[in-house]
Structure formats: structure tokens, C-alpha cells
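Sequence annotations record features per position, and here TrEMBL assigns compositional bias 'Acidic residues' to 1-29, 830-840. Feature annotation from TrEMBL assigns region 'Disordered' to 1-36, 813-857. Marked as repeat 'TPR' by TrEMBL: 108-141, 175-208, 443-476, 941-974.
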Amino acid sequence: MSEDEEDLYDESETSGLSDDLDTEEEDIYGDAVPAPAEAALENDFERLVKDIRTADDVSSVAVLQREWDFRVPDEDAFRDDLREASGIGKRKKRKRQRRTGPALSHQVRALIGQGNQAYVDNDLQEAMRMMQEVIRIEPRAISAWTVLAQCYEDKNEPQKALQLRIVAAHLRHDAEEWERLARQSRDLGYNQQALYCYSKLYSLDPTNADALWDRATLAKETNDLRIARHSLLTILKHFPHDTTVLTELRPILIELSDFVLCASLYEGALEHYQGLYPLGHALDPSLSRAAAPPMEFGLMEILVLADLHNTMNQYDRAIQTVRRGWRWLQGRATQKFWDVCEDDREYDPPPEEGGLTVQRHGDVQPGYYPLDVNARHRLAVSRIKMGDFEEGKMHATIVLSQDVLDYGALFVEIADAYFEREMYSEARPIYETLGAESATSSLYVLLQVATCRRMQGDLREASEVYQQVIEADPSNNDAKMKLAELYEIMDEPRKALELVYQVIDSRKRRPAQPEDINTDRTTPQPTASLFDEKFQTRQKGKAANKQGRLSLAELKVLEEEREKEVVTGYKRIEELWPMILGDHPDDQAEREWILEAEKLIEMFRETRNLFLTTKNFDFRGMFPKRRHQRRTDGADEDRMASRLELNVSISQERDKHIRKGRDDSLNTEKVDSFRGVSFENWLRVFMQYAFTLTKRGGHESAEEVLRHILLSNAYRSKETQVTIRLAIITCAISVGNYPVAVEQCRKLINSHQFNNEPFRILISSLSNGLRATDSFISSTLQKHLFRELRLSDAAVRTPELLKWNSSSRRYNLSSTKAGEDDDATKGGDVLDEEADDAGDADTSGDKRQPRLPTKNNPMPVAIYGQLCLAAKSYQSAIFYLLHAYDYCPEDPMICLCLAISSIGRAMQRQSDNRHHLIVQGMAFLSHYRRIRRQDGDHVLPEIEYNFGRAFHQLGLHSLAVTHYEKALQLVESRSDNDVSVAREAAYNLSLIYVTTDAVLLADNLYRKWLSV
């Protein structure tokens, strides 16, 4: 064989095929079928022809190895050509079909005939030479590829024949051929090549579930989780909610950290099977008269869904999944009244079983239904992590009563939940129980025992556990350092210094880890596969992540360039800033400022380090130092060794140096800037950009930017969160988008419980206008204010009913008395609370609980009364405003609102004590006048106007005219330009004049007060 022919099958030149694998879609269900396969193959072939014609050596077939993305025909067609050339045998009769490939020239057809004749004469070298010449002239000649493949197969070189058949398969539309090639590649161990064949098979036959399953299985074997995920999701599209597919897909999604998608798939499956069996069925089929229907979604799937919710810190959803799912499995799906109970009384253990019992309140009695130990374990973990320790302890006690050898994993998770909540006294005995058994003991458990003992102050016992760990694993440097810290605290510096020296020596003896362990893999070795099988196999962890990424040094250089760009852009912004402020900004400077600010803002928003999924940590820079890298650099060990040496030699300064060293090791540098600009200045840019965009008609974009930076780890403090929300409110008010203002005010109320300032912001945001009034009387705001009113009242009357929710950082009512809630607000209030508090958890790190109020607060009661007043529900308004009056009788606003409510109620047809209400309203109005006069003469027009408005509503026009005219006289006698309520008084007075035919007087009012 010639050297050119050998080059045709050189694998090192065919790695371009892997590009097709990387272009697959990764939607949830993948995969819309690709554009018609025929068009895609035509494009591939055009690319091949171009490469062949632009090659330097057009006579060399080695150029064909550059691109292998093509199709080819049936092997039967080749055999028919052989029969026709040799005259032996009969041509198979087939249905007439569309001719594949181009019309061949006479020259090409002659060469093909000569090649076929050479093959019949068993002159394989001549046949191969002729077919290679045909391919050079006309690459679309299907039979040439087929004959060439058959020649290599006859020469007992099946690998090269397989390569050529794969190339030929691109020239035809036969899914069965691709499936056959995939199986052959898999049998030969060419996994990447097989995956490629499966991808082409899917593009031709998207409904072939068996091929997709084989592709997913092979991808899992090669650890190509992306392709496995893609294939299984596609199968799930054809077979929705199939638990077998979900079981295979679950570990892949967990490995990829796609918990949201995994949970949504399991939730959809649960809803599906609950729809098929709405009543559920008992776990024991013998309890039912009829045979129970087969159910694929069982306890294991419910536990998986609960674990996913716990992993995503969605503890409430995990609890609901277990409670409702187990109830459905028990055939009690219709007992939905248990969902009203916030606790788990449905699954309380029977009293005769003993154990920890919880006293229940309310009308619903405990159900005492049996609950699987694994399901109860999920409830225990969820309750503990969400801060409901009473319920969590009840479930944990039942789980911990089981045999530790059978349920060791459950014991560990419960102990970890207590440990995470810093409940060391509860976690410690569980860890000690696990450590007492050889089957359940481990270094992790022992280290946790030592940590619990240390946190409880038992330093000597903790040091004994660390000694046991070091004896079991002398190379455990973490345990040595922690024991050294304990010795230092216990004033035993010599022992601590000895351990630190051991860690330092261990670090020095550790060989440097090369970045590439297998250096021989840097150069791909030629194989018979069209793919670089070793290199294309997906790798786990850091080895895979390093491929195709910039080094740390390159990233730092790139970051320095971007920092220079940001500093330069910010300087330009500061130069333009004075020109865009004021009443008459420079339009050109404003446009330039927006463009420069937009560049910086997009750069900020595109930085992933500023928008981490975990909001509990501040921004630590673009290249933060990892805490787990302490063992590699040895800085802590060296610092501790120096400190201990000093302690041994100079005992009189021991305490001073110990405190200094400990402070040095605990203090962390807080990053307060990003790319040379402080976060405070970044926030100024964001707000000015939002205000300018809103002024220029881009309110939606401005709101999007402000909402986005709310999620940044750089602005997780409560002060900056309030500032950003106030900016959103300002933009919303300026364009009249009052629902957004109400939404942000509600979030401020939630994050500042028992504080009146958010209520004042709400009222000032909805000061006037019909659209503002509509937002003020909306049902969602009404329910929210009513909930805050109940909490404020309960904090004073029954503080024992309030329970602190650590996740939302708020107090909530743990239980209520029967009949206490209004029926109209029971159902919707809970839903509204859940929707309102979603995502409102305080991430500022401030764990201090707000102080409970000790006196009744008139603010929420008065606002709720004003809301009822605006909605013209005067009777309810009187009720709540009278409560506010009891709390603060000297407030003029409350008195005025009571007067308006009383007169408004008196004017309604349902009123049965009309005269009493009018007198009551005038009494409150007089009380308002007495209190309001104390503020000075500048409020007198307001008082006169309110009296005139009251008489006007009652139809006493003569009295109303007197007060309106007096209000106008007071305003007119002022020396300043403040018209106060003059326009309102003039307009109402003109209405009276017009109704009494005093048109001239009304015209004078129009000209004097109501003309521009």
C-alpha cells in the first residue's frame, strides 16, 4: 500500500468529527429534530469538495481524511454493480426510488466500471487505485466509497473498512445503516465513534428510543454526562414521566448539579401519577377489596423528590412532598384538610408507643398514621434545618430509636442537620453513638464529635478524640492542626509546636503535583477510530475543566486589562456627571454618559463572581483564596509555629501573642471594590443610569438593571438592599407604575418587621391619583397589611404565639384560635404570604432578631382603616380607625379619617343611625380642628377646606360656601406663593355656584384661581 493510502486512514487527521458532538442541543427535552437531514448532509458534502479542490496535492487521497461528515448508499447497490460487471447472478429487483448522488460523467462511469472489473478479477490494488481516482474527480460517487470499503474488508482490515463505510453513510439517508455502524464501532471499542453514529441515527429517526437508550448508556460508560442527559431527556419526551428513565437520569442531573430540573421532572411525574390515581391506593393491597392498580411512582421517588428540595434549601416543599405523597400512597388522598395544619400531627406517633410527644392545639386532632422511617427522617431533617426544632426533635427521636447498624446513614444526616444549626448538644450524642460502632464509625464522625465537644467547652475530651483520629490516620494534617489549636488554648504550647512541626515536615516531603499526570497523553496516538478516543472521553473534576481554559496567569492578565478599562470608563463618567445634572442637562453629554455607563454596567452584570448562587457570602474578589487550600501553602502552619516558638521562649508575653495570632488567623480581608471602583460608586452609577433611562422613556430597562443588582453578593447588606429598592420605587413612581412601587414597599415591610418607616414610604409612594388609589386598594396589599396588623397585635397581646422563622428572618404566628380569622382572608392570605416572602430572606448575615413591640402601634391599624376608607368600606374603616384612635387619640389624621368615614357611612343607604354618624363625624372633625390648629396659622386654609367639604357632602351649601370662601381669603392674604388648598376650594365652590345659577361668580373663580 502506498504512503498516501496509509495517510487516508491516519486517525490523527480526523479529530474534526468531534465538533458534531459538541453542537447538540441541551434544552430540557432536547431536542427538536434537527433541520432536515438531507440539507445538512448537502452542506457537509459541499465542504468536503471545497477542501479537496483547494488541496495542494489533488492527486493524493490523503486530503479526504480532513472531513468525514458525509453519507453513502446501500451495500446492495454495490453488489448489484458487481453482478452487472461480472455477468454472474441476477440483479435484485427493488422498488423504484429517487436516485441518490449526482449524475456521473462518462469518464467517471468508465473508471467505476474498470474498478468493479478489477475487483471481480480479485485485483484489489488496481480496484482501490481506480476508486481513489473516482473519489478525487467526483467525491459524491457512492459506489466508489462502497467498493473501496469492500476492498479493505477483503484485505482483512475491518477497521479501515468501517471508517470508509461511516464516510459513505453520510451520502445516504438510511437510519438502519447508522445503527449497524454504531454497533460495530461499539464492539470494536470505539465509543466516541459510536456516539457519533448514534447522533446521526437520531437526526434521521428521532423516534428510535432504543437507539437513544443505547446512546445514553454508552455516554454514561464514557462519562460523557452531557450527551447522556440529552439522550435520556429526549426519551422522556417520548415516554413522559417514565420512572425507569427518571431513575437513570437522576444521578446524571445530580452529578451536573442540575437539581432544579431534576426536581421539576419528579414533581411532574408525581402530579401525573396522582392524576392517574387521584384517590391513591393503600400500600397493602389486601386492605382494598379490588386489586390495587400497579403504580410506578412509589416511596423511593417521593424520598428522592424530598431530598432534592432539601438540597436546594426548599424545606417547606420537602415537608409537603413527604406529607402529601405518603398520604397518597396510603390511599388517603382526599384528606386534604391535613394541609391546613402547619405541624406534622397527621403522623404523630401513637401514645402507647411512648417517645417524645408534642402538645397540639386547635380543632384538628393528631392522626397517628404510620410513617416509614425513611420518610420520617426527611421530615426531621427539613424541620431542623428550617428552625422548627420541636417538630424536628419529635421525628428525630423516632428515627434515632432504630438500630444504628441498619440506619446509620439516617443518623449521620440528622446529626449533620443539628450541627449545621449549631445545636451541638443534640448532635454530639448522635455522633458518639455512631462512633461507638465499628461499622458506622469513620474519621468524619470522630472529627465531628471532637468539634461538638470543643464548641461545648470540653477541650480536654475534644483533644482525646483528635488524638484517636491521628493514631488512626497519622497523615491527617487537619486533625493535627485542630489539636494544635486546642493545645494552644489549653496553654500547652510545646505539644502544639510539635504537631505544627509535623505538619510542616509533611508538607515539605509531599512531592509537587504536576498539572498533567500522564504526559504521554499530550500527543494523540493514531487509532483505527475516526475520533481521538482517549481525548474525547469526558473526564470528571478538574482534569476535564482544565481543557481549553486559560491559565491562572492568563486570567490575571486579562483581569488587569479589564480593570484598566473600567477605571478609564469611570473617570470619563465622572467628567460628564456634572453636565447631566440639573434642570437643563446637556443632551449630547447625557447620551455619552449613558453609553459609557452602559459598558460598565454590562461588564459588572456579566461577572459571575458577583452573582453567586450562594448569597450567604460577600464578594471576595475575582481570585479569592480558598479556605481548603491551607495545606498547600502552609502559611497557617508557619504562623502558628512562629507563635508557639515565641510562647515557649517568652512565657510572660504568651497571652498577648496568642490573641494576636488568633486574630490574624481569623480576620479576613473584606473586598469593597471591583476593578478599581468602590461598590458605593458602582451603586451611584447604577442608580443614576436607572434614573436617566427612566427620564428618557426606558423604565423597563432601568428596572431590570436595578432588580438584577439586588441579586449581587456585593450588595447583600440590608442598607444597600433598601437603597436599591428605594431607587426602584422612585423610577416606578415617576412613570406611574404603582404596582411595582407597592411590591417593593411590601418587601421593605417584610425585611423591617415592626418598623413604621416602610409604612410611611408606602403611603408617600401612593400620595395621589386614581392609579395610585387602585394600587392602594388592591387585594394583595390588603391581605398583606392585614397580616402585618395581626402580627403587630399578637406581638403585644399574645407574644407566645409568635415564632421566629430563621429562613425569612421574620416572626410568624405559630397557631391561631378557631374563628379568629375572617373567612374571606384565610385561604388567600397564606398563598399571598408565600408568594410575597419568596426570595425575601435576609442574606445580609445579620442574625439579630428584631425586638418585639411592647405597646400597640397605631400605624398599621390606621393605614388599614384608610385602605378600607379608600375602598368605600366605611363601616370597616370606622372599626379599625377607632382602634387607632384608642392607641393615639391626639393624631389629627386619624380624627380626620374618622370624620370622613362616619359621614361617608351616614350617606349610605344601609345606614340605620344616620344622624348619630353625622354627629359623630362632626365631633371628630372638630377634634381634628382643635389638634391641627396647634401646628400654626399656615394650616388654617386646610381646616376650613375640610369643613367646607364636609358640609358640601351633607348638602349644606350655605355653610360650605362660608368655609370655602374663608379658605380662599386665608390663602389670598398670605405673603408667599403657596396656594395650599385654594384650587380645590375654588373648584368645589364653583360647583355650588353653577348648581345655584350663580354663573358669573363661578366665572370669576375660574379666571382667578383655575386659569393658567
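Quick reminder: no glycine exception, Cβ is built from N, Cα and C everywhere.
If you average pLDDT over the repeat 'TPR' (108-141) in this model, you get 80.
Secondary structure by DSSP for the repeat 'TPR' (443-476): 27 helix, 0 strand, 7 coil.
Helix, strand and coil content of the repeat 'TPR' (941-974), in residues and according to DSSP, is 30 helix, 0 strand, 4 coil.
Across the repeat 'TPR' (175-208), DSSP assigns 27 helix, 0 strand, 7 coil.
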